[in-house]
Amino acid sequence: MQVYYKAAPVLVEKELKAPAPAYKARLGWETVAWLFIGLGVFVRLFHFFDNRSLWLDEIYLASSLVKMDLFKLTFSSLEYEQKAPIGFLWMCKFAVFLFGNGEMALRLFPLFCGILALFAFLPVARHFLRPLGVSVALGILALAPPLVYHSVEIKQYSAELLATVLCLLWYTWFNKKESYSALVAWGVLGAVIIWFSFTSIFVLAGMAMGAGLYHLLKKEWSTVFKLAIPFGLWFVSFVVNYFLFTQKHADSEWLLHFFRIRGSFMPFPATSFEELIWPIQRAGTRLLDYPLGLLWDVSAIPSDVLQFFLRRPVFAIISTLVGFVLLFKRDKKFLMTLVFSYVLVLIASALEMYPVYERLTVFLAPLLIMIVAVGCERIALQFWTVSKGLSFAVAMLLVAAPFWASAKQIVNPGEFGGYKKAYYREALLQIENNYQEGDQVYVYWNMLAPYHFYKDTYYLPYDAIEGSDFRAVSSNAPDYLNKLGSELNGLKKNKRVWLFYSKKLSMNIGDFDKKPVWYINEVLGGKDMHKKFSEMGKEVYTYDTHDLKVSLFEMKPSE
C-alpha cells in the first residue's frame, strides 16, 4: 500500500506489519530535523555574538547604511559602487536606526533571514520528503559553513537565500490551487519578494516556465490561463523594480573582468568538450562545495590517499543523480521548476549578466538541497531492512562534512569565513589603545575604506595621513616606490609613526584586478614600504595578521 506524507509527491512506503517501530522511526527522524534546526540557530547566534570585524565587502556596503538616510539609500548611488535590493537596504537601515552603527546592528537583518530560512524550509522539506530526507535537507541548510557565514554578514545573500525558501514554500501552497484569490495571493507574495532579492527572479521565472510548460504539454489550457495571473504580477513587479532601481546597478567593465578571470561566466559558444560540460563539471560540482559545504577540508589530513577520496564529493554527486532520476519519475513539474531556475542562471552567466561565483550562488542552495536530499533519502532507505543503524549512518554521511566544519569553527572562530575573516577593527583599536600625544598615523591607500568606516563608527581619536595611490601615474615598480618614498619622507619630523597596510589587497573599487602586473609582482605585500620605514626609524611594536599589518616606528632624530 502507498500513501503520501503530508501531500508529498514522493511516495512513501507504509509499514503495515510493524506500525509502532515505523512510528518511532518517524518520530526519531523528526527529532533529528529539529535538532539540526536548533544547531543551525545556535551556530548563527554564536558567530553573531562573537561579533567579528567587518571584512572589506561588508564595509563597502555598511558605509552607505551608516551615512545615508532612507531617501538617499533609495534614490542615490551607493558608495563604492555597491549593489543591494532596495527592500534589504530599508530593513538594514531600520536596524541601524534602532540599534546604532555597530556590527551587530548592521548584521541583524541578515541574521533574522538566516534563522527564518531554517524554519520556513521545514514545511518545504516535509512536503517533498520523508522524515529521513527532511533531516538531511535541514542538516545541510543549518550547518553548511557558507550558509552559516552569510547569515551573519552585512550583505544581501542571506536575504536571497530566504527569498528562495519562501518561493518554494509558496509553491507548495499554491501550485495546485485554481481559485482566483489563491493565485492573486501567490502573485502578490512573489511580486513583493522581488524587491528584497535580485535573484528571486531566477526562481520565480523558473517556476513560471516549469509549471507553464508542464501544463501546456498536458494541454490543460484553463490552468495555463489562470497561472498567468501570478506570473503576470511577478513580471510587472520585476519590470517596475528594474527600471526604478536595478538598472542603476549595471555591472561595470572592471567587475566583469574580476569574474572573467575567475571563470565565473559560462563559456559561450563552447569551443571544447570541457567548455561544453562546464555547467555540470565546473559549476555543478563547485556548487556542492559552495554553498552546500559538502566537501571536506582536507588541508590538515596527512594521508594523501584519504585526501584524494575526501576531496571528491562522490556520495553527494551520486545522491544528486539519484535525486534527479526520482524527481523525474515522481514530480516532473517540480523538477522542471528547479532545472529551469538553474538554466536561467546559466543563460545569464553565458551573457555575462550574472556570474556563477561563490557567494552569488547562495540563493541556489535550497533548490540543490532538495535534489540531493531526495537522492540521499532513497539510498539510505535501501539499507533500512538490513540495519537501521546503517541507514542512519548513510543518511548522516552527507551531513558529516558541514557538521564537522561548523563544529571546528565554533572551537576556533578564527577559521570562520576563511579568507573573509578580517581584523580591521582590532588593528585600528590597537593603534587607539597605544596612541600617544604627538603620534602620527599613516594609512596606506589599500586600507582607507576600513579606516574611514571605523573612524566614523568608533570615533577614533586620531586623524591619519591618508596614503596616496601612485599606481596610475607610475610606469613601473621603481617609479612607484620613488613617488611613495617622497611622500613618506614627510613623516620624518614626527617622533612616532604608526603604519597600517594590507599585505594582500591589490585593488580599489573600479580597478581591474591583477593589474598592473608590476605592482602585483614587485610591490604588493608592503616589504619595500616597510623597509623604507625601517630606514627612517626603529620598529617597536607590531600587530600582524594573515592579511594586514600595524607597525609603530620611533623615528630617528633629524640630523
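Indices start at 1 and increase along the chain as displayed.
Each residue, glycine too, has its Cβ placed from N, Cα and C.
Residues 104, 107, 111, 114-115, 118-119, 122, 125, 131, 134-135, 138-139, 141-143, 148-149, 151-152, 399, 406, 409-410, 413, 416 of the same chain, all 6+ positions outside the transmembrane segment (32-49), place their C-beta atoms under 8 angstroms from a C-beta of that stretch. The transmembrane segment feature in TrEMBL is assigned to 32-49 (among others).
According to TrEMBL, the feature transmembrane segment maps to 108-126 (among others).
Residues 10, 29-30, 32-33, 36-37, 39-41, 43-44, 47, 110, 114, 117-118, 121-122, 125-126, 157-158, 161, 290-294, 358-359, 362, 365-366, 369-370, 372-374, 376-377, 380-381, 391, 395-396, 398-399, 402-403, 405-406, 409, 416-417, 420 of the same chain lie 6 or more positions beyond the ends of the transmembrane segment (132-150) yet place their CB under 8 Å from a CB of it. According to TrEMBL, the feature transmembrane segment maps to 132-150 (among others).
Residues or ranges marked as transmembrane segment in TrEMBL: 186-217 (among others). Non-local neighbours of the transmembrane segment (186-217) in the same chain are 83, 85-88, 91, 156, 159-160, 162-164, 166-168, 170-171, 173-175, 177, 223-224, 227, 229-234, 236-238, 241, 246, 332-345, 348, 360, 363, 367; each lies 6+ residues outside the stretch with a CB under 8 Å from one of its CB atoms.
Residues of the same chain lying 6 or more positions beyond the ends of the transmembrane segment (224-245) and with a Cβ under 8 Å from any Cβ of it are 74, 86, 174, 178, 180, 183-184, 186-188, 190-192, 194-195, 201, 204-205, 208, 211-212, 215-216. According to TrEMBL, the transmembrane segment annotation covers 224-245 (among others).
Beyond the ends of the transmembrane segment (309-328), by six or more residues, the same chain brings 10, 284-285, 288-289, 292, 294-296, 298, 301, 334-335, 338, 368, 370-376, 378-379, 397-398 to within a C-beta distance below 8 angstroms of the stretch. TrEMBL lists 309-328 (among others) with the feature transmembrane segment.
Taken from TrEMBL, the feature transmembrane segment covers 335-354 (among others).
Residues or ranges marked as transmembrane segment in TrEMBL: 360-377 (among others).
The transmembrane segment feature in TrEMBL is assigned to 389-407 (among others).
Non-local neighbours of the transmembrane segment (108-126) in the same chain are 5-6, 8, 33, 37, 40-41, 44-45, 48, 88, 91-92, 94-95, 99, 133-134, 137-138, 141-142, 147-148, 150-159, 161-162, 165-166, 168-169, 172, 366, 370, 373; each lies 6+ residues outside the stretch with a CB under 8 Å from one of its CB atoms.
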